């Protein structure tokens, strides 16, 4: 049967939490529940589709396989044996036994192929600049020997007498009549007496193919690229599914990214921070010159306009934020230590407040705090730099 992307079905992002997935399923299940939509086959199909998506995405192991290989990674584990199967044991905490089975349907036509999912890891540089990557994906195509029928050429394919070719059987469950996958034909609606020797009755052959995927500039973690018609083959007369390539950007040694903004931490010498100057800053397009004003403090941030990431949806280019961190000198010579001591002593005079405004402001605040305690009969004064 046709299988859309499970995240798309539940209307959630690929990074959705377990709670968000459960909430999304509950919303869709309530909307399309057969009891609320009697004799509405489209609603029944959407209910089944949402239930199958939830079965996979609510299971950590199945979700991991799906994220890596798409529907091919969970074939045979999702939606098999009707919705009353073991994979739906946790549905009871959402709606109870009312969701014990699947619902459906009339006669089925040729079903489009399943969508495929592929996770592609790219560097930050390639994500920002854009690139083209060749990927090799597993897929399945119609068997050329039997044209997808699953039967040995020249043999007959019979309509399943149990479900009359529908692929599902109606079962009474409490007050509801529900549909389950036909146990005789396993949902195919047909019976093959002499299986095709090439595909062993599957109707498909498993293979792989290499595709060139164009990565647009500005893609980010979780973005998806759709390649229409590059999914699995459908039943005879039906189109292929689609291929969804999900982007995962590698961590960078220098830059961090938030949307279209890049962040970079840079070491700064004590002398440059005090006296001012310039420094070379790495960007994704080479070096940029950053002016450092005198008196720069550790943790101070500077903006390099237009040095960030281009938006994937517009011509806007983000900025880069540089945060400087002043390095403390180590392994000083005796002469250097004496010079630093002399420098420090020179700051302790009457102009101390002018040279070290933050330190002086801090001690003023502490002094005022203890004076307030004394006025309220609090602690005695203690010796300290604020006295």
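A Cβ is built for glycine as well, from the same backbone N, Cα and C atoms used for every other residue.
For the domain 'J' (5-70), the DSSP counts in helix, strand and coil order read 48 helix, 0 strand, 18 coil. Per Swiss-Prot, domain 'J' is recorded for 5-70.
Here Swiss-Prot flags 130-208 as zinc finger.
There are 20 other CB atoms within 10 A of the CB of residue 143 (Zn(2+) 1 binding site), with all protein chains counted. Annotated Zn(2+) 1 binding site per Swiss-Prot: 143, 146, 196, 199, in sequence order.
Sequence-distant contacts of the repeat 'CXXCXGXG motif' (143-150) (same chain, at least 6 residues past either end, Cβ-Cβ under 8 Å): 157, 188, 192, 195-199, 201-205, 233, 235-236. Annotated repeat 'CXXCXGXG motif' per Swiss-Prot: 143-150 (among others), in sequence order.
Swiss-Prot lists 160, 163, 182, 185 with the feature Zn(2+) 2 binding site. In the three-state DSSP scheme, residue 163 (Zn(2+) 2 binding site) falls into the coil class. Under a cutoff of 8 A between CB atoms, and with a sequence separation of 6+ in the same chain, the neighbours of residue 163 (Zn(2+) 2 binding site) are 169, 182, 184, 185, 189.
The repeat 'CXXCXGXG motif' annotation in Swiss-Prot covers 160-167 (among others). Taken together, the residues of the repeat 'CXXCXGXG motif' (160-167) have an average pLDDT of 85.
Counting residues per DSSP class in helix, strand and coil order gives 0 helix, 0 strand, 8 coil for the repeat 'CXXCXGXG motif' (182-189). The feature repeat 'CXXCXGXG motif' is assigned by Swiss-Prot to 182-189 (among others).
What Swiss-Prot records for 196-203 (among others) is repeat 'CXXCXGXG motif'.
For the repeat 'CXXCXGXG motif' (196-203), same-chain residues at least 6 beyond its ends with a Cβ under 8 Å from one of its own Cβ atoms are 142-146, 148-153, 235.
There are 22 other CB atoms within 10 A of the CB of residue 185 (Zn(2+) 2 binding site), with all protein chains counted. Break the repeat 'CXXCXGXG motif' (143-150) down by DSSP state and the numbers are 0 helix, 0 strand, 8 coil. The C-beta environment of residue 199 (Zn(2+) 1 binding site), restricted to residues of the same chain at least 6 apart in sequence and closer than 8 Å, consists of 143, 145, 146, 150, 205.
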